[in-house]
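Structure, as structure tokens:
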Amino acid sequence: MNLQQAGDFVRALAAANPAPETELHYTSPYTLLVAVALSAQATDVSVNKATATLFQEADNPAAMVALGEEGVGRHIRSIGLWKGKAKNVIALSRLLLERHGGEVPADRAALEALPGVGRKTANVVLNVAFGEEAMAVDTHIFRLGNRTGLAPGNTPREVEDGLMKRVPPELLRDAHHWLILHGRYVCKARMPECWHCVAIALCNYRDKVRVAPPR
Ligand code: SF4
């Protein structure tokens, strides 16, 4: 896919959904950070269910530390890897209090220094909470970048770098939302639903599924 086609691909997704938003529920950079940290290998729906009660009890680092690992665990037991995640949420909250006055830093290195926060989580927070042009490559975007030819790469970082170069600058701010939602609901892992894909004319995938299978 050349640069013009890559731009048109993202423009087609943008035209279909002009105001995309993250599906995770949050009320502040801190609650966003916690929600994203909890979302590894879990669906946004399951995270939202857990955080609905968790954030009622603790929506800031001091309250979270006071709640403790066991208290956090009571709310998030239904999501995958909950023990490790509860530990990380307490540890990162403690570090935010110690190093950043309880605020979430708008800085990649400082974010990635927090327990349980990797490049992907930092990118989501930088993009959604602070408006930076950052590309969080999750499993959906990694698949989509490779499958369509939009930004092929062997690692999430290669796909991220490819997208940062190929997505038109004016669309970079929202591109990760469009791509995640497209991968989640249309260009699905097991079978892409090409029959209702708005970007079908621009996609390089050879095995397009052009007709919906009978139910
Ligand atoms: S045409 Fe199919 S494979 Fe290509 S982006 Fe659309 S859903 Fe994905």
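For all residues, glycine too, the Cβ spot is worked out from N, Cα and C.
Note: TrEMBL annotation is automatic and uncurated.
What TrEMBL annotates here:
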DOMAIN    38-185  domain 'HhH-GPD'
BINDING   CYS187, CYS194, CYS197, CYS203  [4Fe-4S] cluster binding site
Three-class DSSP secondary structure - CYS194 ([4Fe-4S] cluster binding site): helix
CYS187, CYS194, CYS197, CYS203 excluded, remaining Cβ within 8 Å of their centroid ([4Fe-4S] cluster): THR148, VAL186, PRO192, GLU193, ALA199, ILE200, TYR205, LYS208
Residue, out of the binding-site residues CYS194, CYS197, whose Cβ gathers the largest set of other Cβ atoms within 10 Å: CYS197
Collapsed DSSP category at CYS187 ([4Fe-4S] cluster binding site): strand
In three-state DSSP terms, the structure that CYS203 ([4Fe-4S] cluster binding site) belongs to: coil
